[in-house]
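Over in TrEMBL, the protein carries these features:
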REGION    1-31  region 'Disordered'
TRANSMEM  38-58  transmembrane segment
DOMAIN    41-476  domain 'Major facilitator superfamily (MFS) profile'
TRANSMEM  78-103  transmembrane segment
TRANSMEM  110-130  transmembrane segment
TRANSMEM  136-156  transmembrane segment
TRANSMEM  168-187  transmembrane segment
TRANSMEM  193-214  transmembrane segment
TRANSMEM  270-292  transmembrane segment
TRANSMEM  304-326  transmembrane segment
TRANSMEM  333-353  transmembrane segment
TRANSMEM  383-409  transmembrane segment
TRANSMEM  421-438  transmembrane segment
TRANSMEM  450-472  transmembrane segment
Amino acid sequence: MSGRPEQALAADMTPEDPEETQPLLGRPGGSAPRGRRVFLAAFAAALGPLSFGFALGYSSPAIPSLQRAGPPAPRLDAAAASWFGAIVTLGAAAGGVLGGWLVDRAGRKLSLLLCTVPFVAGFAIITAAQDVWMLLGGRLLTGLACGIASLVAPVYISEIAYPAVRGLLGSCVQLMVVTGILLAYLAGWVLEWRWLAVLGCVPPSFMLLLMCCMPETPRFLLTQHKRQEAMAALQFLWGSEQGWEEPPVRAEHQDFHLAQLRNPGIYKPFAIGILLMAFQQLSGINAVMFYAETIFEEAKFKESSLASVIVGIIQVLFTAVAALVMDRAGRRLLLALSGVIMVFSTSAFGAYFKLTQGPPSNSSHMDLLAPVSLEPAEASVGLAWLAVGSVCLFIIGFAVGWGPIPWLLMSEIFPLHVKGLATGVCVLTNWLMAFLVTKEFSSLMEVLRPYGAFWLASAFCILSVLFTLFCVPETKGKTLEQITAHFEGR
């Protein structure tokens, strides 16, 4: 499981400018722009995250389908199934690095258009797969596309949006990711793995068509000294260029040098961006999602695959709520609230495993997962409902803050001349952490026992709340230039 467009233009103003506190594209009288096409452009870009959500969710229904498959279709054993799920995160880590390079060289729009190629090619290879290697190759390609889309879409959206709607539009990145995951779960009920992969080609193809009609971000065009095109893009997106002031383009596309890390305007957002991504994964989100079906089975759900859909619906609903209140409540409040909810839910989850755990044994982690109840059957089902409740509470907590906001802040806090590199490092951090957490969580449960693993996640959630309160700045309503000035102490 994300700067804002208006800011892009706002960055054009020098901090000394008396109008710095006004949105760059203010109307006469200071009201915000009312352009509707900015929403269409944001939707077109957000089809990238929708495709990436579908690619993430694809493995959940496809793995059981592939394990049942008979010749001549490829069949997955347990080890291949593990890689089929995890290899996407490795591809995405590489995609983050590639996306960071592309976004500054090719531009935001062309990078989004290019990421449709590995999406469609990857799903096409899976559709035509004759052996396990073709399946893994297709998954690696879709992972690469996920990495590029997870970096470029937030940057594009943040640079086209005006400050009053940047939080709303920026949160749509995570909303589309969870919607894509839910679509994959729902489609998996009626489609076998090949047809599911065919369906996976639809969102990126639609994005390719829509993005062809959308402009490059005005902010990027200004760094290329294409002022006339930037003004035309601004007019298209916001419906007006009145009140916009020419930004001084200060060698914005110069190469990054390590010496620049001594500048607080670079090292502060760098540290915040990397830690936001690390805490997002250390919260335990992937582990909870991975074990959701097992937990719902314990609660005697007749249809355990329903668990994935219930979790998916909760994610979509509460990410939508977060998007709607993002520009009113602010980023810090939602992050802190989200962290507190996750502390309580992971603690309750750990308590559930502790209460149902049998005596220590030398069994594998698969035995650890199915709690050996020492209680009567009814008490066991009651405890299982405690687990179901804590799973749902955790998903709600994650969806309102730590799901969407790290991606949103990543696209807001970096100065223009290091944005490609810095967002690339953040995305790489996120996907590598996702890979490590997903692959190593089982081993961690063997060492610490299941309750210990979830209490460790709870400790990380406590650290994330403290980090939010003491280190994360509020970016609500600010232009991208004002955010940069804040870090530079101006």
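Keep in mind that glycine also has a Cβ here, set from the backbone N, Cα and C atoms.
The model shown is predicted, which means the values in this text are computed figures rather than measured ones.
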Within-chain partners of the transmembrane segment (193-214) [C-beta distance under 8 Å, separation at least 6 from its ends]: 40-41, 43-45, 47-48, 50-51, 54-55, 58, 61-62, 65-66, 69, 109, 112-113, 115-116, 119-120, 123-124, 126-127, 138, 142, 145, 180, 184, 187
Outside the transmembrane segment (168-187), six or more residues from its ends: residues with CB under 8 Å to it: 1-2, 4-5, 38-39, 42-43, 46-47, 49-58, 60-61, 150, 153-154, 157-158, 161, 196, 199-200, 203, 305, 308-309, 312-313, 315-316, 319-320, 322-324, 326-327, 399, 403-405, 407-408, 411-412
Dominant neighbour of the transmembrane segment (421-438) in 110-130, 136-156, 270-292, 304-326, 383-409, by Cβ pairs under 8 Å: 270-292
Residues from the same chain, set at least six apart from the ends of the transmembrane segment (383-409), whose C-beta lies under 8 A from its own: 1-2, 150, 154, 158, 167, 170-171, 173-175, 178, 272-273, 276-277, 279-280, 283-285, 288, 292, 295-296, 298-300, 310-311, 314-315, 317-319, 321-323, 326, 331, 334-342, 344-346, 348-349, 351-352, 355-356, 371, 373, 375, 430, 464, 472, 475
Averaged pLDDT score, the domain 'Major facilitator superfamily (MFS) profile' (41-476): 85
